[in-house]
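Before any comments, here is the structure.
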Amino acid sequence: MRTLPRPHGPSVRGRLRTDRGLLVLTAAVVALVTALLAAVGPLTVRTADRAVAASVRDAGTRGAVVATVAQPDSRGPRRRDPGSVERLAGDVESARSRMPRVLAAAVRPGVVSLTSKPLQLTDAGPGRYLRLAYVATASGPPSVTWVDGEAPASSAAPGQEAVVVDAAAPPWPVQVGLSTSAASALGVGAGDQLEVEDEARRSVDVRVSGIFSPVDPDDEAWLAQPGLLSATTGTTEGVVRTSATALVGDASLPDLRIGVPSDDLSEQVSFLPVPEDVTWRGAPALRRAVVGLQSGGQGELTGTGFDTLLDRVLDDALTQVATARGQAQLLLVGLTATALLVLVLGAQLLVRRRAGTLALARERGAGLLGLGLELAVESVLVTAVGTALGLGAVLALLGPEGWTVAPSVVLVVVVVAGLAAPVLGAVEAARATGARRVPANRAARRALVQARATRRLLLEGLVVTAAVLSLLALRQRGVGDGDLAVGSVSTWWALVAALLLVRALPLLVRPALRWARRTSGLSRLVVVARVAEAGTRALPLTVLTVAVAQLVLGVSLAATERAGQEAGARVAVGGDARLRASPEPSLVRTAATVAAAPGVRTAVAARVTDARLSSSSQAVDVRLVVVDAAAWARLLDDSDLPAGSGPARLEGPGRVRALVSGGSAAVGEGAQLRWDDAVVPLDVVGTAPQVEGSAEPVVVVDTRALAGAGTTAPPDTVWATGPGAVEAVRAAAEAGDDVTTYAGVLAQRRAAPLPSALVALAAASALVLLALAALGVVLAATVDAPARRVSAGRLRSLGVPDRTLLTMLTGELLVPVLAGVVAGLVAGATCAAAITGHLGLEVVTGETAPPSLVVPWWVPLAALLVALVVPVLAVREAAAVRRASLARLLRGGGPG
Amino acid sequence: MSDTFRRPHDPMVVVRGLTRTYGTGPAPVHALRAVDLEVRAGELVAVVGRSGSGKTTLLNLVGGLDRPDAGTVEVDGTEVTALDDDGRSRLRRDTVAFVFQTFGLMPALTAAENVGVPLRLRRTPAAAREERVALLLDLVGLRDHADQRPGELSGGQQQRVAIARALAGSPRLLIADEPTGQLDAETGLAVMALLRAVVESEGVTAIVATHDPVMMSLADRVLTIADGRVGE
Ligand SMILES: Nc1ncnc2c1ncn2[C@@H]1O[C@H](COP(=O)(O)OP(=O)(O)O)[C@@H](O)[C@H]1O
Ligand SMILES: [Mg+2]
């Protein structure tokens with residue numbers, strides 16, 4: 001076997017010394033890119049974990065896993081069970097033991113509740129309902145302070161704790177406590193004995209032992225039964241209905257079991273997930289466990305069934321994370337591609353600087369393999385140093401936990417960085433010696449040119465095909481986690497733009513050259529001729545175009561996302577501030593007060609409520625908005641809120657006119673609004689805008705028009721706009737009213753883990769891309785610097801003034817840079833316009849429709865920052881030309 | 001500017017006490033030692049001497065590409081040695097033209113464009129420029145190669161383009177340092193004959209450094225330089 005040629009130590013060391021700057025730069029780029037790629041792994045995992053946790057936290061009780069425990073049969077005599085409390089604790093344990101281990105590990109200790117159906121109070125007036133509920137956490141029932149009366153006691157006489165109650169006996173009394181809010185809503189007090197009955201008109205004997213207020217209203221136990229602390233008032237079919245829940249204590253729990261028919265009782269154990277314990281990586285397994293638990297069908301067998309929306313919460317969270325990661329990938333692929341191009345450009349420069357030595361070594365008989373190996377020694381060294389620095393920095397900054405480098409991507413960078421110089425060097429050396437083998441035969445030469453053109457066409461075809469396929473993939477399946485075909489879409493299109501530029505620039509330079517020839521000036525001719533000769537090289541143009549296109553895309557995505565958050569927040573609030581109260585005609589006056597407050601531009605009162613919209617063919621649940629159309633039109637106009645077809649259409653004679661969103665076409669003729677017990681025929685005159693981020697279709701009608709049809713809807717909402725709106729609304733709010741502000745909602749959305757991480761990534765990648773683009777300009781300029789210096793020196797010997805030389809150098813360097821920047825700007829903006837609708841930005845911004853693209857006006861300026869490198873380079877080169885002794889010109893050594 | 005009413009046989013170049021020493025250490029090289037010489041307008045002077053004798057140093061100083069340690073150079077009545085950078089730039093633009101051993105053409109420009117550079121420097125109108133470029137290319141026998149780049153021309157052709165370019169701006173003084181140094185004998189001969197011919201036709205003064213005996217025979221006068229001193 002032939003032994004591999006050994007690299008020549010002294011020449012490797014010598015080259016390392018002469019090209020120190022360039023090699024350090026290469027190592028720096030490798031370090032930067034490996035650091036970035038290595039950091040993205042752990043950082044996105046952290047962000048994803050925080051995002052999933054935030055979703056679970058925001059879901060609140062919606063994410064709870066609720067076990068429903070079947071109740072024993074109620075017929076026949078019932079025996080009072082003094083061990084009821086322990087039995088419930090046992091039910092908690094057995095419910096938990098039925099959960100898969102991953103789920104059990106991610107939830108808090110269960111909250112058990114035994115609750116009756118709503119029981120109607122029959123003593124005075126209709127519409128008053130009371131539930132009886134026992135709730136307990138692992139540490140027992142929630143603590144309360146008795147403000148009147150005392151805690152519910154056992155209804156059993158001493159020694160009678162296990163009494164058996166005959167089916168025919170009068171109802172067994174149950175002692176309960178009422179919260180102050182419930183007591184006042186129902187109009188009952190301590191010591192009252194309440195006449196109540198269930199739906200089947202079976203009587204229940206309820207005795208109010210006392211009135212309490214909670215020690216900690218945020219106690220988990222209250223969450224399981226919010227009605228315990230606050231009564232609710234609603235209107236059903238025109239009748240006001242007040243509902244409250246009464247608290248049963250440890251002592252009266254055995255009485256609840258026998259005092260209320262057992263088919264009126266339901267027992268539930270609610271397990272709230274611990275947000276911090278739900279991680280992004282653990283979420284799929286958790287979701288599977290939840291789905292399995294619900295579909296297990298073990299309810300019939302064991303008497304315990306599970307129900308939860310946690311799987312949907314996790315689903316949504318995972319979709320959001322996958323979408324965000326897909327968007328991030330778009331930026332990272334572009335960044336990596338740019339870095340790789342810069343590395344290749346650097347290698348090209350290195351090899352070009354060594355072209356002479358390489359050719360010489362080759363002529364002296366050095367093998368290509370040997371030359372390649374020699375070059376590989378140093379590039380491997382440089383790459384190793386760069387990689388170690390990059391990975392080391394990440395390890396030092398982020399620590400070892402969450403250490404999941406995407407090895408494949410880092411590998412690509414390392415391989416390209418390590419191999420570019422040796423491969424290009426070997427090619428260069430082969431070409432240097434093979435140059436004489438250019439066929440003398442004209443036909444053979446033509447064949448060679450044709451082969452080269454075919455290769456180029458093939459490469460271009462490949463890039464265009466990849467670009468088209470990835471765009472199709474994006475349009476078909478949207479962005480997704482780890483979907484490289486989709487993640488590379490913007491990079492491919494930037495490459496297509498670069499190829500176009502590389503083809504087009506020579507075509508554009510030709511007429512410029514013709515023009516420059518016709519004119520009498522020297523600078524323009526020299527600049528255009530030099531650009532034609534050296535400024536249309538593919539690699540530097542590609543680096544610039546891709547970098548700038550990705551920059552534009554990243555910045556536009558971030559800007560679009562932020563604008564989307566603003567628009568979404570404004571729609572969610574309905575103005576700058578919103579007051580939500582119980583329906584009350586006086587809110588019209590409140591709105592007038594708010595409108596008159598300083599700094600308020602508009603304020604309007606409205607009723608926002610659920611209703612049904614029906615037609616001959618169908619009926620849908622809708623969000624009904626009853627509002628003063630004229631005032632609302634002013635508000636929408638003032639706050640840039642979407643206006644749909646415009647509230648102006650609502651005013652007019654005839655039937656009540658309505659704007660309807662979503663499916664308004666399907667409703668068509670014979671639309672009827674059903675709300676309360678009123679049925680109002682509608683004339684659909686246009687499309688309703690989105691109101692308060694409602695997921696349901698929106699129906700908007702004018703207050704006066706609706707009143708004219710005989711239905712009044714007292715307002716429950718005041719929207720206001722203007723700098724003083726928040727203060728005015730806060731001032732107008734009464735206790736129990738809800739104030740929501742645009743600034744608050746926006747800040748909350750901005751701070752959400754995924755959007756903020758995406759914006760940070762876009763900003764960071766924009767900076768790195770700018771640096772890479774500038775580096776590309778410097779490298780490309782360095783490649784050509786010798787040729788430029790020769791021509792500048794020769795012009796100087798002809799008496800061209802230094803100022804003119806500087807102009808020429810600047811022009812020559814600037815033209816390709818501007819071409820690349822402009823191509824990148826166009827490519828980036830076009831690509832952004834083509835893909836923003838498919839990136840699922842709305843999933844991350846919390847809107848219902850994709851936000852419309854925002855390309856900030858300053859993006860071209862940012863991209864032009866790259867061009868600032870040019871004057872610096874030109875001044876430096878001009879200085880070098882000036883320093884070069886003209887005396888050497890005559891000596892044949894050339895300038896410099 | 002200097003006196004424009006100069007008579008034809010006034011000296012075009014006057015060199016007095018010109019001294020140039022390279023290096024200041026223990027072994028300085030005395031490239032020129034107090035050289036005096038005059039070149040009359042319309043003369044073609046050959047400067048001959050062994051390699052290292054100081055020919056290039058002399059030509060550099062006369063053309064204002066270098067500064068002497070002592071002495072003065074006057075070209076067409078202008079004291080070159082007293083000019084600043086801008087002044088010398090102007091001198092090269094308006095008065096003196098060079099023909100280099102290595103041709104010194106702009107690789108990115110065609111032959112015609114190279115010849116046009118001095119004219120563009122003075123913003124000569126395009127039509128006049130084209131006319132003069134065509135004339136000069138004719139003169140050097142390269143009419144058919146006007147649109148070729150230096151890389152596509154032979155050495156002799158390139159040097160002829162360089163001569164055409166040197167003449168384009170109608171300089172008073174042409175300085176050529178071994179213009180045939182990189183050419184084979186036959187081509188060199190043609191270039192030298194061309195130089196002789198253009199000095200006549202364009203009425204310029206020329207100083208040509210050379211080793212070539214043929215050039216000496218073509219020159220009006222031969223200056224010999226040895227060890228930094230000039231003799232006839
Ligand atoms: N830049 C320089 N530094 C030091 N010595 C130089 C330099 N240029 C020329 N010389 C020396 O000056 C002498 C004259 O050189 P030169 O004018 O080039 O002679 P020629 O052109 O006749 O060959 C030589 O000995 C040469 O080595
Ligand atoms: Mg010489």
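Every residue, even glycine, has its Cβ placed from backbone N, Cα and C.
The annotation region 'Disordered' is assigned in TrEMBL to A:70-91. Here TrEMBL flags A:75-91 as compositional bias 'Basic and acidic residues'. Feature annotation from TrEMBL assigns transmembrane segment to A:330-351, A:371-399, A:405-427, A:457-474, A:486-509, A:538-559, A:758-783, A:804-835, A:855-875. The domain 'ABC3 transporter permease C-terminal' annotation in TrEMBL covers A:766-875.
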Open item on the list: Six or more residues beyond either end and a Cβ under 8 Å away: which residues meet both conditions relative to the region 'Disordered' (A:70-91)?
Closed with: 112, 114, 134, 136, 156, 160-167, 172, 250, 253-255, 257-258, 261-263, 265-267, 269, 299, 303-305
Task: For the region 'Disordered' (A:70-91), residues assigned helix / strand / coil by DSSP - done: 8 helix, 2 strand, 12 coil
Task: Contact call for the transmembrane segment (A:405-427) against the transmembrane segment (A:330-351), three or more Cβ pairs under 8 Å - done: yes
Open item on the list: I need to check the long-range neighbours of the transmembrane segment (A:855-875): which residues 6 or more away from its ends have a CB within less than 8 Å of a CB in the stretch?
Closed with: 544, 547-548, 551-552, 555-556, 559, 766, 770, 773-774, 777-778, 781, 806, 809-810, 813-814, 817-818, 821, 824-825, 828-829, 832
Task: Dominant neighbour of the transmembrane segment (A:330-351) in A:371-399, A:457-474, A:486-509, A:758-783, by Cβ pairs under 8 Å - done: A:758-783
TODO: Report, as numbers and ranges, which residues of the same chain sit near the transmembrane segment (A:457-474): CB under 8 Å and 6 or more residues beyond its ends.
DONE: 483, 485-486, 488-489, 492-493, 495-496, 499, 834-835, 838-839
